[in-house]
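Trainee: My questions will all concern the structure given below.
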Amino acid sequence: MALTPSVCSISDVQGLQKDRTFHPSLWGDFFLTYQPPTAPKHAYMAERAEVLKEEVRKMVKSANEIQNILDLILTLQRLGLDNHYENEINELLSFVHDSDYDDKDLNLVSLRFYLLRKHGYDVSSDVFKCFQDKEGNFVVKDTKSLLSLYNAAHLRIHGEEVLDEAIIFTRGKLESVLDSLETTLADEVTLALQTPLFRRVRILETRNYIPIYEKEVARNEVILEFAKLNFNLLQLLYCEELKMITLWWKQLNVETNLSFIRDRIVEMHFWMTGACSEKKYSLTRTITTKMTAYITILDDIMDTHSTTEEAMLLAEAIYRCEENAAELLPEYMKDFYLYLLKTFDSVKHELGPNRSFRVFYLKELLKILVRGYSQEIKWRDEHYVPETIDEHLEVSKATVGAFQVACSSFVGMGDIITKEILDWLLSYPKLLKSMTTFVRLSNDIASTKREQTGGHHASTVQCYMMQHGTTIHDACEKIKELTEDTWKDMMKLYLTPTEQPKVIIQTVLDFARTAEFMYKKTDAFTFSHTIKDTIALLFVEPTLV
């Protein structure tokens, strides 16, 4: 494998690394001042939500017409209420799958396809072919059907040309009619064109959809009130978590000891909440936020700040994971490293005696990470650009951090996650390879201009430019095509029967959704001012009941 011309010189690398700074935290101690509602008020909210939940359950159980069933399930999903009725929804979808329906109604066909595929039914996309004319264009009479087809088509797998064609057709049509639509439908179309329904971060979809649903003429007031209370109760829990995590973060004293890193603890919790938003995943959010904090610190030390020698010493200490390894490290790394070991011990305590063995996997995940970082440092120092994207991804998909964060999320879950499942996850199965490839490619598109000037190893974008002699624009467009391919890969795996619990693939897909959100327009984690309003919407602004 021949060395290619350097992206930048070693002296440039070292100089830029030492001078690099990121903007400070946008949140500081904001969540330390959080005051929960009084106990009576919280109790009233919880009791009222419980009453409404059972009223909605009656609606779910009494639904018996295909269109009404589909509309109800979609509404509950978008409002973040579907997890309260999993068994009932599964029964209804089984009924829908086995029942006759009007296959000439494009809106119904699209919604049926969308919900069945979303729940793992491998239904055929051939149902859409009858809506095409001789030229291959779709015959669609109304915008609602157009939007339903657009959303359904994004649950495609490889080889489904009818869905590929549907996306191109519907996107063009929706863009052309957007300015003429009434407000509520225009809001829906705008959201869809930004991110199709299946790929949206679920808790953000809930927060965004509540005010849209409130404007709908056909809204159900009981469902609406329950959705608002359910979200507000979750928001209170998130704020409690943020208060504890901010206190934990302050003890690390990053402003003094690690002033060069990205101080993004609130954004980290936001990211983890996007992937694991349910009440029962509180411990999961806490563990994964802390793991993400350490991944960020390791990344910023090894990729941006340290010398090669310092980075290798840190890697060796991570491999050892023992207190006396701190003696190897430069002074600025020692406190962080010892705090990492302390965190492992505290997580053991939080997990309890029957699940404390899982901390072993957190340590192994960090070892895999720094092994990859070490290889990337070698590439950088040798001025090496991998000859193909595949060669690049063999290392870089493991260093984007998505593998570590996704796997660590399962450490905090219930007894459904066994040692055998954690061993399987650590073996890097196809599902995780597809997801981490997607995250790496998305990250590289968003970060490539910044990292071109920052003394980094070559990204997949630069690798493609070197391999094919293209411009940065053309390379980014090609990488975007590859991200679409990874979505198809993940969808195929989602539809493939497996012995693993459904929560595994659902969570992995949720991490892909959060990554798409974070890297959609820029690297929103690094430049977090771009998502400050969204974070406030999720954590600070309750819905008005």
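Including glycine, each Cβ sits where the backbone N, Cα and C put it.
Residues annotated as Mg(2+) 2 binding site in Swiss-Prot: D299, D303. Per Swiss-Prot, the feature Mg(2+) 1 binding site maps to D299, D303. Here Swiss-Prot flags 299-303 as motif 'DDXXD motif'. Annotation comment: Swiss-Prot describes N443, S447, E451 as Mg(2+) 3 binding site, evidence class similarity to another entry.
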Trainee: Just name the most isolated of the binding-site residues N443, S447, going by other Cβ atoms within 10 Å of its Cβ.
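Mentor: Minimum Cβ neighbour count within 10 Å, taken over the binding-site residues N443, S447, occurs at S447.
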Trainee: Could you measure between N443 (Mg(2+) 3 binding site) and D299 (Mg(2+) 2 binding site) for me? Cα positions, answer in whole angstrom.
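Mentor: For N443 (Mg(2+) 3 binding site) versus D299 (Mg(2+) 2 binding site), the Cα atoms are 14 Å apart.
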Trainee: Helix, strand or coil: which one is N443 (Mg(2+) 3 binding site) in, per DSSP?
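Mentor: DSSP call for N443 (Mg(2+) 3 binding site): helix.
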Trainee: Roughly how many Å lie between the Cα atoms of D299 (Mg(2+) 2 binding site) and S447 (Mg(2+) 3 binding site), rounded to a whole value?
Mentor: 14
Trainee: Cα-Cα, whole number of Å: S447 (Mg(2+) 3 binding site) versus D303 (Mg(2+) 2 binding site)?
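Mentor: That separation, Cα to Cα, works out to 13 Å.
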Trainee: Would you report the average pLDDT that the model assigns to the motif 'DDXXD motif' (299-303)?
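Mentor: When the pLDDT values over the motif 'DDXXD motif' (299-303) are averaged, the result is 94.
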Trainee: Which of the three DSSP-derived classes (helix, strand, coil) applies to D299 (Mg(2+) 2 binding site)?
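Mentor: It is helical.
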